[in-house]
């Protein structure tokens, strides 16, 4: 993945080269986008250049051309947005946001994934509507969503985005025979928990045995340290007609908005969490404070896929939440810590609810001012995309220093 680093100027400067002019023009365009989102007047284009460049200092190119024809398989383009999983996505398009297909079987969702201020893109996002129709769900479709936040490179997060949903599908399609003791709901819950844990275990085994080059570690001639230092968090959500199943390892997070209240469906795995610290120390490791609590002073999350050199202190095993859907469920937000480091769960839910309300016009064009310069005639985004976009931009405005990936699933207007 190409690395991009920009030195942001806070003054006019004397360089009037074409490159600098283009950079300033992009910043002016970004400032006008921000004005459209945060309600500032369009006259902001007449502000002093110094103030404008400071305000848009994150300078993220939000109108990257989408280069992926499917969701799942590769990380989002640097600073760009994932392309929609539709046949028309093969055509040239520069739409910065998109919406999930609005069929009777699929939930409505919006995705945004940007590099932000980080020097490289290590996040990956996967969306697989209608993943399969397993027996455990009475032959009805299940929908898969996931956010992966890589570290030590994007190798493991990319591998997760291409493989995890396949493992989940394979586990679901197996004949899940077991003694059906207890109520029907208890049996279904045990089966789902087993499916997710086995899928995560298989994913970790693949990640720790696969080199950066894609070859099995014992068979390649690469430096073994390259594969050993790469890892990824993983938060996955499987949506069915009756339930939401979330599995999480690491510090990416899933939050359900129910009747206006934020309900965490995952718990961040941080080394200073008492139970995680005890587990790490029992495995022979240490939690050192180096710019925050870290496993052996290195990794800021206590669980992850991969990270072979920190096993067994860094565990792969996910915590699984099995929750029945209710009529008050409004939306589900999955995001990497680039969002959660600067936004609380309740604030994220409040923003998503505002965007998903019926009275909120889905035709609100976040890029109206930018389209004055490069009009592409694209359709307006859905409310789910509006929510994901606004959350991302708010995180950028709050100086988030990491990649930011956000998935917003509309549970109120999706078919059940």
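Here the Cβ of each residue, glycine as well, is placed from N, Cα and C on the backbone.
Binding site for Mn(2+) 2 per Swiss-Prot: 337, 402, plus 149 from the candidate set 149, 186. Comparing residue 402 (Mn(2+) 2 binding site) with residue 150 (Mn(2+) 1 binding site), their Cα atoms are 11 Å apart once rounded. Fewest Cβ neighbours within 10 Å among the binding-site residues 149, 337, 402: this applies to 402. Rounded to a whole value, the Cα-Cα separation of residue 150 (Mn(2+) 1 binding site) and residue 337 (Mn(2+) 2 binding site) is 11 Å.
Counting Cβ atoms from all protein chains shown, residue 150 (Mn(2+) 1 binding site) has 29 others lying within 10 Å of its own Cβ.
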